[in-house]
Amino acid sequence: MTESAGVKQIVGVSDITENRNIWRMLVAEFLGTFFLVAIGIGSTTGWTDYSPTLTQIAFTFGLVVATLAQAFGHVSGCHINPAVTIGLIVTADVSILKGAFYIVSQCIGAIAGAAVIKAATPSEVVGGLGVTGIAPGLSTGQGVLIEALITFMLVFVVHGVCDNRRTDVKGSAPLAIGLSITAGHLAAIKYTGASMNPARSFGPAVVMGNYTDLWVYWVGPIVGGIVAGAVYRLFFKVRKGDEESNSYDF
């Protein structure tokens with residue numbers, strides 16, 4: 001491959017201009033993020049006789065991602081998360097232009113999902129509509145660190161279970177990804193709301209007009225996704241001749 005061809009592949013102009021399935025992929029990312037945000041923040045609403053629990057919210061987000069990955073994975077890969085998309089750009093599994101179009105679709109889907117839940121929920125129940133916020137006493141720097149840590153875990157798991165060079169993975173990749181999201185919520189929801197996904201925070205923030213510390217939920221997850229992608233590519237990506245005989249057999 002020439003240097004010019006390599007650059008074109010990384011940028012990915014042909015992914016947009018020549019790929020006849022690109023619109024299906026973008027619609028899949030829109031719908032996937034729409035349902036992620038709608039179902040996810042729907043679990044956070046507090047009614048007069050019922051308040052959501054941390055466990056309920058954690059498993060709702062994890063299960064909806066696992067389910068959507070099964071539904072849309074064959075179409076777009078079901079990233080439904082800018083941090084995941086950027087992490088895959090770092091490992092050259094997704095081109096820059098395709099990734100940019102994915103992220104726009106994800107953000108629009110997140111806004112639509114939040115808007116539908118707000119419209120379908122009584123005003124006295126809407127509350128903050130699942131807008132993520134930093135816990136009192138936590139600095140924005142600490143918030144960025146927490147979001148980076150839990151997003152690193154998520155994106156690293158995505159790379160690990162979706163590495164098509166591996167021959168030892170026999171379990172459910174979507175379930176593993178969903179459980180990593182559940183684990184992140186169980187550990188960090190009390191710190192930052194456990195976003196792990198810039199689009200998940202962006203949608204409710206836009207609909208509610210509440211942009212307080214929103215940058216934390218872009219910077220933290222994106223940094224975590226980039227580092228996870230780089231670490232996986234440099235040290236853990238399966239290469240020809242690698243020995244996998246000692247891998248866990250799921």
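We count from 1, first residue shown onward.
From the backbone N, Cα and C atoms, a Cβ is placed for every residue, glycine too.
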Membrane side match, Thr48 / Arg166, Swiss-Prot record: no
Outside the transmembrane segment (100-120), six or more residues from its ends: residues with CB under 8 Å to it: 16, 22, 25-27, 29-38, 41-42, 45, 76, 79-82, 85-86, 94, 126, 129-130, 198-200, 202-204, 206-208
Contact call for the transmembrane segment (211-231) and the transmembrane segment (57-77): at least 3 Cβ pairs under 8 Å, seq gap 6+: no
Number of helical, extended and coil residues in the topological domain 'Cytoplasmic' (78-99), per DSSP: 13 helix, 0 strand, 9 coil
